[in-house]
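Participant: Sharing a structure below in structure tokens format, with a few things to ask.
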Amino acid sequence: MRRVLPTALPLLSSWLLSPLFTNSLVAARSSFNATWSGNTGPGMSTYEISSLALSNSIDKCPPCFNCLLPAFTCGQFGNCNEYDGQCKCPPGWGGIDCLTPQCDSLADGDHRTLRGNEPCQCKEGWGGINCNVCKVDDACIGFPLFGAVPSGMDDGSAANMTCYKGGETVFNNHQMCDITNRKILDMLPDRLPQVTFSCDNATSTCSFQFWTAQEESFYCALDGCTSESKAGYDTNSTAYACEKIKCKCIPGNFLCGEDGSVDISDFLVEEIRGPARFSCKTGQGCRFEEPAMNSLINDIFGDPYITLNCDGGECLHYSQVPGYLRPPKPDNTKWIALSSAGAGLIVVLTVAGLWYVGHTRPTSPQTGPIALPADPRHPPSHPEHVPATVHFSSLSYTLPNGLEVLKDVQGIARPGKLTAVMGASGSGKSSLLDILAHRSKLGIVTGSILINGRPATSSQVRQVSGYVDQEDTLMGTLTVYETVLYSALLRLPRDMSEEEKIARVHGTLEELGIRGIMGRRIGGSGKRSISGGEKRRVSIACELVTSPSILFLDEPTSGLDAYNAQSVIESLSNLARTYNRTVILTIHQPRSGIVALFDELVVLAKGRCVWAGPMRSPAATSGLIDGVDGNAEHETQGVGEWLESIGKGCPVGFNLADYLIDLTVNACIDDDPDSLSSSFDPSTSSTRLPSSVSSGADEERALLSSSPNLDETELQTRTPSRRMSISSTIRRKTSQLLDAVRRGGNGSVGGQLPGKLAELTGAYEVSSTARRMRAEFEGVRSANSSSASASTSGSDTPSDPSALPANGTIDDNGERTGMTEMRDVVGETGMLRGRQRASWGTQFRILSGRAFKNLYRDPALLTAHYLGSVALALVCGLFFHNVSNDIAGFQNRLGIFFFTLALFGFSCLSSLGLFANERILFMRERANGYYSTFTYFSSKVLFDILPLRLVPPLLFGGIVYGLVGLVPTVPAFWKFMFTLVLFNLSTASVILLLSIAFESTSVASLVGTLVMLFNLLFTGLLINRETVTPALQWLHTISFFHAAFEALAVNELRYLQLKEIRYGVELDVPAATILSIFGLRAQSFWWPNISLLAIFFVTFTMASYVTLHFFVKEKR
């Protein structure tokens, strides 16, 4: 046999390198086709054509076509009729030699037109060079049925036809392919190379045609063919293997003798023998392989085989479509189990990390790496403490509505002395204390406040002072030691060592006598651990630990019994005297034992100063009884001596504090002849009272001192005594006193001042004590001005601040005597302490530890969240176990997603109490300089929000995912978990904003519930997005429930294939189709859904911080 391949290769190469290409056909074949094919209509039979040829002259007629003769063959290896010598062409081919493509459609059968010089214009729904490939189901309507229709089907109708494009040949399959070999396409830029491929299942044969520019070059017949179809979970593959193959050129066409091209006719006939293989795979295209042809392609083009991109189709009755048995899901159980274990590991690591951070600080005075002082009972002194004297004069305070709360109040508070501010309810005691402490006030404050003779700003006053509110706001889960320790760690200078700070804590606890209870918890409602008096001293310790020069206390005995009240005041008195501190407190009606501890007293009535001066005269303090001349013009008087001097002395044995309150309240009742002050007129009281009054007064004092809270109720419940000559008067005036309290309770001093009150205030203004106080104030102020001027002009000042006396004296003429420049308490305290408090990182670490202790020491909420997540996950696993891949399974999947989001959404409402319970604590601690808003907020979010919002969805998702049988792939599992966590964080941030914005927990709970219901309505399950008016579809966009629900649904159902059997019919429906019916977008997982959840979380968290920083402030 002559080998033509070596000859063909150089010829083919030379042709490919030649620029000459031709599109003409061989003239002889063109003439033949023009006569016998091009001019033959579809209505002419072979017999008519033969008769026409015989009617012509023998000289002019070409030889008659007879495929039985060696000179004539049937193209496409068509069958030759042995009776008439005519060709029987395969479908899609016509002409006398089966070399002309047919047009129209395969459904037209034998009634198809032959293609002319232009490409075929196929009927609608059909495609391919010869219109053999169906495109849509409607194209197959009326297509003749192949094979028998199963019994029970309508065999009389061909309407239920479908275009099957699965690749596997059922009867006759046709495919139109584009060659995709890059080198071939580069060498034929204007002549698109294509291949048509068809198979007949009944004869196990296939055919193959090669085309360029829709002109056939050669064709092949393949025999002994078998097909194989493999269905995978994600991809399908079909392969045809044929044992034999024979090919033949079309003379004069491309590669077959065309001018300027090679002729591979001999190569096709002698070398192409088989076996051949035609295979296709989803996503990878098709390939045609045959050993000799592969060798040619490899040597010339560098590819191992011909690569193709094919589109096929076959018209079948719907009942004839090959049954598709979906393969079982891949067994990814172990991977899902590992993923669930990974989620559990994240939970464990989160808890361990939180525990570690919460234990980075010593929580017990007996443990920890920090060494305690050798003798904690004798703590080191506080070198940064600078004694401070507070002078205030002409203080007035007016509310925005014009009401005057204070008017021209003056006084002095000295170091080493206990200064008390007294008055009836509404007299302005707390307002005066707030103004002295430079707390933020709503109204307008006027007057002068000097600290050691110098004015100070609010921040400077906070630096050298401490403020204890009337109500204790302590964290009940912390111990006494931890509470004071956190105050020290947060507020003491950052350059002070931790050993010094802890020593300061022990010293402070020792000062206040609460060292013995340092390991006990503060306790709260229903879990009380320490008494009210001990709790009050803990509040004082939190301020005292910073070693303030001035300590302000608002009603420190409020709510305490007589014993605890006495104990607290004794601690404060000892603190002032022993450690030379300035202590200023307000008090309502103290018992006589407490009154005896006061050194300085300020008495207010309707915002006016009735008395401001020493509790006792210097002579009385020195033990000289009745040694003060009340008529001495320049003698410093005590309050008792002053009362005697104006004829309103306190009866013997009567509690002086009670007497002052009664006196001032009664003075507020204008023009009342039976006032209490009249009953205590010196002419009928004091030393001139009958002897029976003394014993009666003792009984009255005992009754008054037996109650810790002497207010309106005490005045109504005093026991009458027949032995007291004034008891009937007191009982008769009780209602008048109560009326006065009610009228004066608004704190206003506007309008006309009552005459008796004006008499009292006038008497004080002209007293020697008031004159000396005014003179001292002016002297201190002028001394400070002179000192500032001298300092500016370069005058010398003592280099040692400790050499400067804290106070001087003022003589009777108001001149300074023995008074040098008073120490700059603000400046020296700043230099000694260091001006920088704990850094943000230190604040965050300390607050995080405190928050975590509070969380795990009161684990009810944390335990409920965790156990609830596990329990509900098991319940969902029970009811949704192994959800099926059908319509019911689709519904169950949407149901569990909806339930899961509702569960975590409404669980987030528990965040309302996390901040609401600490609102007052935060406002007061921030006002006292504990920390910044940012560090508190960040620690709160990290250690209160995350443990409750990160761990529960991980527990729930790790359990429920495998039990329900959701998509068993690792990426889908982690997408599911990520969506749940992000949704939980987004919802928690919304609830956190509500808890900060609304002071009332009830209102915040109602608004939070409404927000949840609104978002739940637009989840996507209750209202179809597509049915909503376009102008309102944005409501779905702003619903974080909708974003999470759509993300979960898309992650689970996007690639799921649903199989439903109804009435014996098996429906195979993509879940994505049903998703679109529900108005859910299959491409919306990352954008917009996950992105929107992230935006919601960041936005609402930032809004929470802004609201907390700018709007949550204590308003007094």
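Here the Cβ of each residue, glycine as well, is placed from N, Cα and C on the backbone.
Annotations for this protein, taken from TrEMBL, read as follows:
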- 675-695: compositional bias 'Low complexity' (COMPBIAS)
- 717-729: compositional bias 'Low complexity' (COMPBIAS)
- 782-803: compositional bias 'Low complexity' (COMPBIAS)
- 390-631: domain 'ABC transporter' (DOMAIN)
- 675-731: region 'Disordered' (REGION)
- 778-818: region 'Disordered' (REGION)
- 1-28: signal peptide (SIGNAL)
- 335-357: transmembrane segment (TRANSMEM)
- 860-882: transmembrane segment (TRANSMEM)
- 894-916: transmembrane segment (TRANSMEM)
- 950-970: transmembrane segment (TRANSMEM)
- 976-996: transmembrane segment (TRANSMEM)
- 1003-1022: transmembrane segment (TRANSMEM)
- 1086-1112: transmembrane segment (TRANSMEM)
Participant: With a cut-off of 8 Å between Cβ atoms, can you find at least three pairs linking the transmembrane segment (335-357) to the transmembrane segment (894-916)? Only pairs 6 or more residues apart in sequence count.
Facilitator: no
Participant: State the non-local partners of the transmembrane segment (894-916) in its own chain: residues 6+ outside its ends, Cβ under 8 Å from one of its Cβ atoms.
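Facilitator: Non-local partners: 861, 865, 868, 872, 876, 880, 883, 922, 940, 944-945, 948-949, 952-953, 956, 960, 964, 980, 983-984, 987-988, 990-992, 994-996, 999, 1001, 1004-1005, 1008-1009, 1012, 1015-1016, 1019, 1021, 1041, 1044-1045, 1048-1049, 1052, 1078.
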Participant: Express the predicted model's confidence over the domain 'ABC transporter' (390-631) as a mean pLDDT, rounded to an integer.
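Facilitator: Here the predicted model's pLDDT, averaged over the domain 'ABC transporter' (390-631), is 88.
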Participant: Please report, as numbers and ranges, the same-chain residues at least 6 past the borders of the transmembrane segment (976-996) whose CB is under 8 Å from any CB of it.
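Facilitator: Residues 343, 900-901, 904-905, 908-909, 911-916, 941, 945, 948-950, 952-954, 956-958, 961, 966, 1004, 1007-1008, 1011-1012, 1040-1041, 1043-1044, 1047-1048, 1051-1052, 1089-1090, 1093-1094, 1096-1097, 1099-1101, 1103-1104, 1107-1108, 1112.
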Participant: Determine which residues of the chain contact the transmembrane segment (950-970) at the Cβ level, with the cut-off under 8 Å and only residues 6 or more beyond its ends counted.
Facilitator: 329-333, 335-337, 339-341, 343-344, 346-347, 350-351, 865-866, 868-870, 872-874, 876-878, 880-883, 893, 896, 900, 903-904, 907, 976-977, 980-981, 983-985, 1051-1052, 1055-1056
